[in-house]
Ligand code: S3P
C-alpha cells in the first residue's frame, strides 16, 4: 500500500532510566520469506510471530493477488495455503509493495519464471530505488521486463514460459538480489547459482532448505556461492518467526545511552549473518549479555540484557557491513555518545535504502550538534560525553531514520523533533508504546 497520509511530527525528550522488558516484533526478513515460500508450496503453512508491519502486510496482499489463500487467525498467527512452485496466476490489479524493497524484489523474483504478467509499484521512496540490480538477472532467466527510466518502478514483468537456470555473479552484496534469483530459480530446471562478494543474510537459504529444496552454500575464492536445485516440490511448514535483531537495535541503543537503564529484550534472533551491530557494540564497551541461548524456528535466539554503558568509538571493518546493513543509522546515534570517533567504511549501499541514510543521518545529527564527516561510501561520527539536541530531523519516508532520531532525543540535552513518525509502522508498529512503557518520553 502506498501511503500519502499527512506527515506526523513527533518529539522525544531526555528520559529517566529505561527499565523493564521490550518484546520487539517478529523479524521482517523472515516474515516476508515465510509468506512467499508458503505461497509457493503445497499445503498449509502455519506462521507464528509474523511481523504485522505494513511492509509485510503488503507482501501478504500480494501473495493473495497471485492466488494463495492467506489468512490471519490472531495477532502474529497466520496461515498460507500455497499454489506450488510455478502455480502463481496473473494478478488482476497492480501489485503495490508500498515502502518495501524486500517485498518488491523478492516477489518479482518469485513470479519471473512463471508465464504470467504482473505490474509492480510502490510509494515515493520505493519508486526512487534501483531495481535493475534485480531485473537484470531476472531477464537472464528469460523474463521480459519493462521499467520506468533508470530501471525504477513501476515495472511490468512477463514471466518466462521456459525459464533457463542462471549463474550470476552479483556486483553488490545484497540478500535481496540473492533471494530474488533463488526464488526465480525455483521454477527453472537444473542448477541456479548466485555468487555474492560477501555473505549476506541467509534466511532464504535456511527457509528454502526447511521447505524441502536442495540448497548448498560455500565460501570460495570467487565469493560466497549459493547453489539451488530447481523445480523442487516445496512442502508447507510451520514457521516460528524469531524477534527482529534490527528492531531490537532501537531499545538496545536507547538503554545504552540513557543513564541508569537496565532492560531485557527476549527472544531475539542471533543469526550470525545479522549480528554485526551487536559485535560492534561489544567492541565499543557495551554492557550486553546474551542470556538463555537456544534455537527457535531454525534460528539461534537469545534474551538480551542491556545496561547503560560508557562507550568508546571504533572503526567498523568493511567486511562487517553486510551483517549490520540496517543498523548503521542507529549505530551513528550510539556513536554520538561514545568517546572518540566511530568510522563506518564501505557503506555506499546506505545511499540506496528507504532514503539516502548517510545523508539523512549526517544532516539530522549535525542539526543536533553532532560532528559528522561523510564520503560517498563512509561516515564518521565524532562522539562526545553529551549531545546538545534541539534540532529537527527529516526522515524521508524512512522508518529507521525516524526511530534513530527519536532514540537520540531520549539522551540529548534538548528535545529532538522528527518531521514524520508515520513510516515507523512499516517495521515496528508498536515502537512508541513499547518505548514509552520502558520510560521513554515522546510527544
Ligand atoms: C533484506 C536485505 C537487506 C536489508 C533489508 C532486508 C532482506 O537489503 O537492507 O532491510 O530481507 O533480504 P540488501 O540485501 O539489498 O542489502
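Just so you know, the numbers here start at 1 and follow the chain as drawn.
Each Cβ is built from the backbone N, Cα and C atoms, and glycine gets one as well.
Features as listed in TrEMBL:
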{"type": "REGION", "residues": "1-25", "note": "region 'Disordered'"}
{"type": "DOMAIN", "residues": "14-433", "note": "domain 'Enolpyruvate transferase'"}
{"type": "BINDING", "residues": "28, 29, 33, 174, 176, 326, 353", "note": "3-phosphoshikimate binding site"}
{"type": "BINDING", "residues": "28, 101, 129, 176, 357, 400", "note": "phosphoenolpyruvate binding site"}
{"type": "ACT_SITE", "residues": "326", "note": "active site, proton acceptor"}
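Residues from the binding-site residues list (29, 174, 176, 400) with a C-beta closer than 6 Å to any atom of ligand 1: 29, 174, 176.
Residue 176 (3-phosphoshikimate binding site) sits 18 Å from residue 400 (phosphoenolpyruvate binding site), taking the C-alpha atoms as the reference points.
Sequence-distant contacts of residue 29 (3-phosphoshikimate binding site), defined as residues of its own chain at least six apart whose C-beta falls under 8 angstroms from its C-beta, comprise 102, 175, 201, 203, 244. Looking at residue 101 (phosphoenolpyruvate binding site) and residue 28 (3-phosphoshikimate binding site), their Cα atoms lie 12 Å from each other. The DSSP secondary structure for residue 176 (3-phosphoshikimate binding site) is helix.
Reported as a whole number, the C-alpha separation between residue 28 (3-phosphoshikimate binding site) and residue 400 (phosphoenolpyruvate binding site) equals 13 Å. A sphere of 10 angstroms centred on the C-beta of residue 353 (3-phosphoshikimate binding site) encloses 21 other C-beta atoms.
Helix, strand and coil content of the region 'Disordered' (1-25), in residues and according to DSSP, is 0 helix, 7 strand, 18 coil. Nearest neighbour of residue 129 (phosphoenolpyruvate binding site) by Cα distance, taken over the binding-site residues 33, 174, 326, 353: 353. Averaged over the domain 'Enolpyruvate transferase' (14-433), the predicted model reaches a pLDDT of 98. Its Cβ taken as reference, residue 326 (3-phosphoshikimate binding site) is surrounded by 24 other Cβ atoms within 10 Å in the chains shown. Taking the Cα of residue 400 (phosphoenolpyruvate binding site) as the reference point, the closest of the binding-site residues 174, 326, 353 is 326. Residue 174 (3-phosphoshikimate binding site) counts 23 other C-beta atoms within 10 Å of its own C-beta, drawing on all protein chains shown.
Separation of the C-alpha atoms of residue 174 (3-phosphoshikimate binding site) and residue 357 (phosphoenolpyruvate binding site): 16 Å, rounded to the nearest whole number.
Largest Cα-to-Cα span within the phosphoenolpyruvate-binding set 28, 101, 129, 176, 357, 400: 19 Å.
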